[in-house]
Each structure stands twice: as C-alpha cells, then as structure tokens.
Amino acid sequence: EALQRIISTLANKNDEIQNFIDTLNHTLKGVQENSSNILSELDEEFDSLYSILDEVKESMINCIKQEQARKSQELQSQISQCNNALENSEELLEFATRSLDIKEPEEFSKAARQIKDRVTMASAFRLSLKPKVSDNMTHLMVDFSQERQMLQTLKFLPVPKAPEIDPVECLVADNSVTVAWRMLEEDNKIDHFILEHRKTNFDGLPRVKDERCWEIIDNIKGTEYTLSGLKFDSKYMNFRVRACNKAVAGEYSDPVTLETKALNFNLDNSSSHLNLKVEDTCVEWDPTGGKGQESKMKGKENKGSVHVTSLKKHTRSGTPSPKRTSVGSRPPAVRGSRDRFTGESYTVLGDTAIESGQHYWEVKAQKDCKSYSVGVAYKTLGKFDQLGKTNTSWCIHVNNWLQNTFAAKHNNKVKALDVTVPEKIGVFCDFDGGQLSFYDANSKQLLYSFKTKFTQPVLPGFMVWCGGLSLSTGMQVPSAVRTLQKSENGMTGSASSLNNVVTQ
C-alpha cells in the first residue's frame, strides 16, 4: 500500500510536470508569435510615421514652389512692363533729339507739341519703380527641434500591472460565481478590466491541452464580477483577469481554479417505457410508441392486432386512460430490448446513481400534462411498478385528469398536499441524511419532505402520461434550500406519516 501511494504520488507529479512543460511550450510559442506580431505592428507604425512625414514634406515643398512661382511671375511682369516703358521712352528721346535740329519754326513748334503730348502720356512716368515682391523667403523656413525632441521620446506604451484574484473573496453559490480581484499597485489610468473563464475537470493550474476555449467578459468597471445562471457541468472553472488603460491591456493575473461540482445526469432512454419519447433532458408521452415496429411483425405475431386494438380504446378526449392499458398487450420484442418498464409504469430513470452527498435538480411539466410524478427510486424498481407505489420509490404526484390532485407517495401510501402545484418543482436529495424534499423552484417554498434511510443508491425517477417533462441538472443546492433544510428539519411529512394514510 505504501509503495502504491508512492507510485500514485509520482504519477501525479509526472502529470503535473508534463502539464507545466506543455504550458512552457505553449508560452514559448506565444512569445515567438507575439514578438513577430509586435515587430510587424512596429514596422507599420513607423511606416505610418514615415508616410506622414513624406506627406508633410511634399506639402511644404509645394508651398515653397508655389511661393517661388508667384514672386517670379510678379517680378517677370514688372520687368516686362519696365522694358516696354524703357523702349518707348528711348524712342521718344531720339525723336526729341532729332526735333532740336528742325529750323522751321512751325514744324519745330509742331514737333515740340507732339513731344510734350507723348511725354505726358508716356508709360515710363506711370510706372512704379518699387518691386511688388521681395526676395525674402524666410516665412517658409522651418524649425523641427521640438518635433525631433518629441520623436526622441517615443517609447513603448505603459502597460498596467497584473491584478491579483483573491480566492477568499470569491463565492460559488446558487449556480453563480462571484470573482473578486485587486491591483497590487494603485494605477489611476486603468479604464476597465477583462475577465476570462472556462470550464475544466482538472484541479490546480489550467492545462493547455484538452481544454475549452476561454470565454471573455469585457469592459468591467469594478474589481469584481458575478456570472449568473451557470450550468455546473464540470468539476471546476478557471478564471483570470487583466487590467486595461485607454491604449492597451496588461498582463493576466495568475489563474484561479474554483470548484463548481454539481449533479449532472440525463434521462436513460435505453431503459424507459416504450410509450415515452426520451431525449437527454426531456421526456414526452407517446401513445403510438412501437406502432411502426408492430406493423412489421404483424405477419409473425398472430396476436399483434391485440395491441393495436387496445390503443384505439380512447376516452372522450381521444387519449387512452392509463388504467385501461392492457399489460399484456405489447409484443415483447418491440424496439429491441427496451422493456425495463411496461404496462402502466410510464417511467424513465436518470442515468446517474446517487450514492452520497446532497444534490438538487428541477423539473418542469408541459402546461397540458395530465399526470406526472417526480422523485427517486432504487435500481431494483420493478418493470410494472409505478413511482411511489412500492417501498423502493418516493415521489410527489400531480394528476390533472378527471380531477386535480397533488400528493406525496411512498409504499403505496398517499399524502394529499394542500399547496398549489408550482410551475417548476425543485428536488433536493440528501442521501447521507436520508431526506428527500420537494420545493417550488421559484419561491423555494417547501412542498413536502420524506425522512428515511437509503440503503441502496437511488436514481432520479420520472413518470409522465399525456404530456411531457423537461429537466434542469448541473445545479448546486440553492442557498435558500440549505437554509430551509436547517430550519425545517424535523417537520411533519416524513415517510412514516404515510403509513396511516389510506392507499389510493
């Protein structure tokens, strides 16, 4: 035994080391991939800066060229006007000089008047001899010293530190998980948090292989978050959280594993009554169960028509009464070997036995369901036995056919319940404490409790006729039920109280 314990310890340690190696390899791969991604992003950011600088440079060059072209055009225009004026003035000067040589007074006077008129109208005297533009281009000079200093201060974004999840402040109750965390260093630039969670069946550090993907809850403003309405269909849940500022998300916190154990079971289709259509968490009564197979067997079974006839014996509503169904009317080979329950025992059991502990599940009936029972039974429940009619089963029974009744049943004894049938029934089974209690699943009002001593493992049991039931599992025992169990323990309504009740 000591050697076996050592071997077990070594095997667990080897498994732990292998998981750690997988984690390291996964982290190494992540470092390589993330580094490559970051380098690509860095190249893109610098290329974007280069592109902006090129655009600004091109725009400034265009401004300088435009200013150069404008001033050059103005000066060229002035030069052209001055050249024209100078040419006219030189021509007039030459004409005036020639006029000085005229001897005839009248011609001289005429020439002099012409010169005077031309001088008065000469463009040379109307020209502005001041340049319209200067050669100064200093208004287009630049000084990028500040920008250079700013570029030299470029650095990586400030990343928030990793938060720390406080397992003591975390709460798992009523199929909800509240996760609380804190920052080890105060950071007033944190904008929000991201919480990630996933289900697992392994305790300890999260495993890289054979795990589900992380589910993400973003934009959490506080330092705690509650996930409600969960189905606990795994033993544990992993949680991790990271802080985010306006620009970037920080490192993940160390992951925390919280236990989320609850009873999970499906309906056992292989052992249900032939007239029940069973899925994992749903069962529906089917009055035509096995008809298709019977027609194929009609030539081989001379009495095959007996069952068909019995199915035609309907009530006024067109539904056969459970009391009028012939026990011997069904060919034994219909639907293979599915003959665990037959006759009037329209029963299906859960596929998981309860051998210890406290467990809870809920059942909801269709609105038009005429008759159903909810409870538990030993595996030895007979194929013709109905829930509550033997000492191996306990249940509460709802009857909406002909007359409405609501009762607790065990060992063929009946206790009428003076309460309203709830929309959904909660079932609490304390195997070790020998208690089976039924509640209004919404208000958590106690409907009835059996006190007994379970001597064998029990299976959740269900009976349904003319209707259907849907099942909710993977549920923790609600806090309200735990509180009621402590205060209501010892109330009347035990299995022994049924011994003096008249049988149905």
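Note: Cβ is positioned from N, Cα and C throughout, glycine not excepted.
Here TrEMBL flags 65-99 as coiled coil. According to TrEMBL, the feature compositional bias 'Basic and acidic residues' maps to 293-304. For 317-328, the entry in TrEMBL reads compositional bias 'Polar residues'. The domain 'COS' annotation in TrEMBL covers 100-157. For 159-263, the entry in TrEMBL reads domain 'Fibronectin type-III'. TrEMBL lists 293-480 with the feature domain 'B30.2/SPRY'. Residues annotated as region 'Disordered' in TrEMBL: 287-341.
Taking Cβ pairs closer than 8 Å, the coiled coil (65-99) reaches residues 108, 111-112, 115, 118-119, 122-124, 127, 131-135, 137, 140 in its own chain, all 6 or more past its ends.
Predicted-model confidence for the domain 'Fibronectin type-III' (159-263) is 90, expressed as mean pLDDT.
In terms of DSSP secondary structure, the domain 'Fibronectin type-III' (159-263) contains 3 helix, 49 strand, 53 coil. Helix, strand and coil counts under DSSP for the domain 'COS' (100-157) come to 31 helix, 0 strand, 27 coil.
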